[in-house]
Amino acid sequence: MRFVGGKIDALLGDYLKPIETNWQPADFLPDSAQDNFLEEVKLLRESVRELTYDYVAVLVGDTITEEALPTYESWLMDMEGVDQSNPQNWTRWIRSWTAEENRHGDLLNKFLYLSGRVNMRAMEVSTQYLIADGFDIGTGRDPYRNFVYTSFQELATNVSHRRTATLAKQAGCPQLSKICGVIASDEMRHAKAYKAFVKQIFEVDPSEMMLAFEDMMRKKIVMPAHFLRETGVKIGQTFSHFSDAAQRLGVYTTTDYIDILDDLLADWNIASISDLDDAAQRARDYLMALPARLRRIAERTKVPTLEYPFSWIA
Ligand SMILES: [Fe+2]
Ligand SMILES: [Fe+2]
């Protein structure tokens, strides 16, 4: 952590944008200080009419996932090797990353509020539950496992926001499409950062990094909102309905999960990393064979058709 952390200040400019010139939620929303605000809100509400039930449900789930940012920041701050009293180095990365991420939930939340399609109170209850329930992603305080997780997760959110952008455009909602698009591009930048951290760790500690990667993939990468719930619904059940809806829409599917794994294997040159001890070589073999194995399983899984009434949808 000291080795990679020492380079963080130099890397920051590659993976984060300056605050003054970065986009803000207000850039994509009707301006409530202007006289035409109500007119713009009316147009916004008309534009979302064609969005399907599953689409709105997925967008709400995505928003809640983004809104649980306090969990993610505090989790990362607690990693071994992070010293919160030093404002530079890892602390600087985590705080600046959080500051960028914070705009995602903010923007989506305001858009949904204006859309008139959502029961905001039910959604807010789910958000509060999710932050209160936290998560258990199987990384512990280990930065190696955490960076595998964040690399994977930023790519997964990139895919899902990119797909909701495309679907919004098809449904005649260019404003929402733009919103999902700018968020997706943030996620890609963040993915590049986390992947770069892992790549550097592979250079200096290949065996331990390989074992951490294997361990995370054996456990399966759970989504950060896996504890998602609604009033009167058991913990995790809402999440599985949300993920079914995402699968039905093609916003995030089992195939995407496998494609992301393929990406990571290629980006980190897993096939050609040398200097591995015996256990790490076995871990590498497991990882290299994993995409094909998951594809065989995926062929047999059906996309769930059951439609579930979410309390979030007005
Ligand atoms: Fe995000
Ligand atoms: Fe992200």
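Cβ from N, Cα, C; glycine included.
Keep in mind that what you see is a predicted model, and the values were worked out from it rather than measured.
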Please identify which of Glu66, Glu67, Glu230 is recorded by TrEMBL as part of the Fe cation 1 site containing Glu101, His104, Glu187.
Glu66
Of Glu73, Glu124, Glu154, Glu214, residue recorded by TrEMBL at the Fe cation 2 site of Glu101, Glu187, His190
Glu154
Identify which of the following binding-site residues, namely His104, Glu154, His190, place a Cβ less than 6 Å away from any atom of ligand 1, and list them by sequence position.
His104
With Cβ-Cβ distance below 8 Å and at least 6 positions apart along the chain, what are the contacts of Glu101 (Fe cation 1 binding site)? List them in sequence order.
Glu66, Leu69, Tyr72, Asp186, His190
Inter-residue C-alpha distance, Glu154 (Fe cation 2 binding site) and Glu187 (Fe cation 1 binding site) (nearest angstrom):
5
On a simple 10 Å Cβ count over all chains shown, which one of the binding-site residues His104, His190 is most densely packed?
His104
